[in-house]
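The structure appears below as structure tokens.
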């Protein structure tokens, strides 16, 4: 079946959540949002492109930081209202320079930091 | 730092997206929503509990199907507006009886089904 970005279910703001997962390690890196054009652009270019809700603009991941996400596989869920992107991540995914945005765990009622920021070499 | 569910950033409907990932295989299983009480209940019981937007009610995952999610680790992202739950999943996570809700890929413009529904034994 031919894929049409229009057939995804976007929320009332025209957005759909997109989870980025490292294709090799399986680590969940981040969650951000796409609109229909960002979906089309991601598929057309192979470079993961979100929609920045704060800037109200396309956000080609890594365009300024260099920490790009190359699309390896594009998946959608049973309800067509969430995306899972398997990616090849250059450098850290998080703006804090951690590998993943999910670096805080809650264990026995306390917040625990699981990852340190990567150094410049990363 | 002691964790307080109030310190998470919920959307205008009081909800936060929660990604469930199989703790052993790393497979991303599903994405659903929680409100503050669902977060507190999940942490208190160790059984993943979402907020059903369609039913406007708590959704103790697996309560009717038996396909429960036992919480292994609870994580939050840098913006505190998305959760990652590492879980031990009993049976299939998806209501279609597939292991994961993300069973459809888009490859070369076509939708491709990656997983079949599990049989009754699963």
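Easy rule for this one: first residue shown is 1, then count along the chain.
For all residues, glycine too, the Cβ spot is worked out from N, Cα and C.
Positions annotated as domain 'Phosphoribosyl-AMP cyclohydrolase' by TrEMBL: B:30-103. Among the features that TrEMBL reports, Mg(2+) binding site is placed at B:77, B:79, B:81. Annotation source TrEMBL lists Zn(2+) binding site at B:78, B:94, B:101.
Around residue B:94 (Zn(2+) binding site), taking its Cβ as the centre, 21 other Cβ atoms fall within 10 Å, counting all chains.
Cβ crowding, taken as the number of other Cβ atoms within 10 Å, peaks at B:101 among the binding-site residues B:78, B:101.
A 10 Å cutoff on Cβ-Cβ distances gives residue B:77 (Mg(2+) binding site) a total of 24 other Cβ atoms nearby, all chains included. Separating the Cα atoms of residue B:77 (Mg(2+) binding site) and residue B:101 (Zn(2+) binding site) is a whole-number distance of 22 Å.
A sphere of 10 angstroms centred on the C-beta of residue B:81 (Mg(2+) binding site) encloses 15 other C-beta atoms. DSSP assigns residue B:101 (Zn(2+) binding site) to coil, not to a helix or a strand. Listed in sequence order, B:9 are the same-chain residues six or more apart from residue B:79 (Mg(2+) binding site) with CB atoms under 8 A from its CB.
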